[in-house]
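Asker: Before anything else, here's the structure in question.
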Amino acid sequence: MPTIKHARHGLAASALLGLGLAFSAPSQALPISECIAPADPGGGWDFTCRSVGKLLLELDLVDSPVQVTNMPGGVGAVAFSNVASKRPADSDLVVATSTVGMTQIAQGQYPGGADTMRWLAMLGTDVGVILVDDESRFESLDQLLETMVEEPDSLAMAGSSGAGGWDHIRALMLAKAAGMPADQIGSVRWVQFDGGGPAVTQMMGGHVDVVSTDLGEIAGFIESGDVRVLAVLSEEPLPEPFADLPTAVSQGYDVTGYNWRGFYTGGEVSDEDYTAMVDTLQTLYESDEWKDVAQQNGLVPLWRGGEEFNDFVRQSIDEVETVSREIGVIQ
Amino acid sequence: MDILTFLAQGFAVALEPQHLFLALIGCALGTLIGALPGLGPVNGVALMIPLTFNFGLTPTAALILLVSIYYGCMYGGRISSILLNIPGDEPAMMTTLDGYPMALKGRGGEALGLSGVASFIGATVATIGLTLFAPLLVGFAIRFGPAEYFALFVLAFATIGGVTSGSLTKSFIAACLGLLLGTVGIDAVSSVPRYTFGWFELYDGIDFIVALVGLFAISECLVFLEDTRHGSKPTMKLGSAIPGMRSAWQCSPTIARSSLIGFIAGVLPGAGAALGSFLSYTLEKRWLGRRGDFGRGDPRGVAAPEAGNNAAAGGALIPMLSLGIPGSGTTAVLLALLLSMNITPGPLLFAQQPEMVWGLVAALFIGNVMLLVLNIPLVGFFAKVLQAPGWFLMPMVVMVAFVGVYSLSNSAFDLYLMLAFGVLGYVLRKLEIPTVPVVLGLLLGGQMEYNMRRAMSISGGDWSILWNSGISIGIYAFAITLIVAGLVFGWMVKQRM
């Protein structure tokens, strides 16, 4: 995969970039002045940038609004390669990412590995859920997994990622934990929709049987009672209002599936600027306001920052790579 | 009546001076953004979100502002379609087909007036539908699974031959070209990149805004450049908007049918305003058969897509508010706004946030009236735009096109892609191949393919799922009827000659 773009393209981009920098020059002292959301407006990464940007201003951690730049393409690959090649040393730029971006790196879909960037922090995490319709024949996770193992081709599962994406992998990790043999894993039918909400409504319409996705986006359906939660994929039960939902761990399946939200910055940012950015994010994380925003959006506030986060990302990439290999997504 | 009580409360909210002011600003801005090629409702709404935070607007106020912009864009898109043959955004594309010929005949004012009224009626029908039927329609929309969506797209493509008045073969070639371009990008089902040549910029596929602006705005400028005999654009008489009212009355059956079709297309998540205006236009053309003068400046060809796309825009709010699923790019942005303001749309929204929901509905009614009032007197102002000399107008169009496309993804790559589409559009025009089906193929092909493959994933590869439900069979029957009727009609016309 070529990472070098056309020279002309680069030239035009840097000319435009130069223009942008000339305009934004006065705000140099800020630790964070721009957030790249590597997706179209409206998605999870866009939400991460916008909600964090808004809070940074409200908490007076920055003097002027954080500019949110949408840079969609390649599930984050366009933003990744843009920062790697053109803005590796920008000391006031953060890029939103999550488990989804990390999965892409683990499966070799980005132009570079984890070392290309400096990983700043995660601020919270969404939690995977396994759902069925409220009138489904499946009353418990045991029942569902038993059917999956015995007749893997009798079910249609759906989620917001394509085959081999995080929603799919999490569901298959559960099937593996329930004793599904490796050669059967490919026969579970997986249907991709453009988001967790569409997947759930398709399930309510009776078009698919089970949904594996993140809690945050579909919390409204749980509260209204239109769906039945068979398992949440967290270690501990969630805080209210989801405290009653059973975890997979408590039902005897040692599987967790978080989708954390966090940020990286360019690989050539100095230690001093890196620390300043991590500190700013930590102050934000410790505020009550962040806890409220996180909770109302189905995120569990969870902090890992600086070097600890760097190590965590590398370790997680190894894990996802192993699972992807086991289920045959990558060779 | 519960609904009337709620609606009355909603009007109390919407009529607060601050909300009225925001609705007015939103309508005016939206019309402008919609009229500029390349800038559409998605950018307009996305650009406004930071401002709503800066001004510390309440969720209700912010939503009123953004939805007014959204509705305004649907009105504005038609202006450049009619006057310049350059659609302001993708739902306005169908309006070029008869709107521009009308303008060439000196009936531009009439077309603007008529489309303003048609937009108003379409949007009002949709808002009334939203008020009365939101909960019921949710039940209808969830019965649409992948197989039913596939049938809907089959219907769309069955009517594609009727889009333009030119040769059927050429429309078909254009549609295939669009379908081909639609396969570029990461395949969402298997995550395999297709025809991306290692360029990450192509991983998300070709943005249809880029294609649209290139095929229409840039190629229009190229044609203009080539046409050296006209140092300036021939001055077109605009005429008054008043005949528009009269023809609106004559077109009222068309407007009624199109509003309904557009509304249904809007309610179905993923179908969106473009499909609404497209189906309204082609079905109306089929309905009227040879009695119409479609493609050569038939007023009904202006009324149908405008009523359709405004109705679809209103309809698309239903799945967004009541299911939390965005039916289009714009509603996705609105959804993000709600989420970042700690409001979770979903089945409980109407019960938990009645003030906001009904305030919004009331604001839609008010915004609609504002837009109609704003738009009719402005016809005179638009006349000035039309009379601006080409050496001034065309560079402006190119500049706006570049800014608009760059604002989409901050990517220079898209600018090159837009230029390439401009050249393609120029070549197609020379070959007299219509460009509209290219964009339609690009716009609808991907969703059609994904829904077919989702259906296949669900059934485990059993094709019979595609015609296993009453809804799909109904849609196929309708599509076949249209095709057969077209053939029979054509045969009868030939016999008579």
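Each residue, glycine too, has its Cβ placed from N, Cα and C.
Residues or ranges marked as transmembrane segment by TrEMBL: B:20-39, B:51-71, B:117-142, B:149-166, B:172-190, B:202-225, B:260-281, B:323-344, B:356-383, B:390-409, B:415-444, B:465-493. TrEMBL lists B:20-440 with the feature domain 'DUF112'.
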Asker: Using a Cβ distance cut-off of under 8 Å, indicate which of B:20-39, B:172-190, B:260-281, B:356-383, B:415-444 has the most pairs with the transmembrane segment (B:51-71).
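Answerer: If we count Cβ pairs closer than 8 Å to the transmembrane segment (B:51-71), B:20-39 scores highest.
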Asker: Might you confirm whether the transmembrane segment (B:390-409) is in contact with the transmembrane segment (B:172-190), defined here as three or more C-beta pairs under 8 A between residues 6 or more apart in sequence?
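Answerer: Per Cβ check, the transmembrane segment (B:172-190) does not touch the transmembrane segment (B:390-409).
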Asker: Three or more CB pairs closer than 8 Å, sequence separation of 6 or more: does that hold for the transmembrane segment (B:260-281) against the transmembrane segment (B:415-444)?
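Answerer: They do touch: at least three Cβ pairs between the two stretches lie under 8 Å.
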Asker: How does the model score the domain 'DUF112' (B:20-440) in terms of mean pLDDT?
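Answerer: Across the residues of the domain 'DUF112' (B:20-440) the model's pLDDT averages 80 on the 0 to 100 scale.
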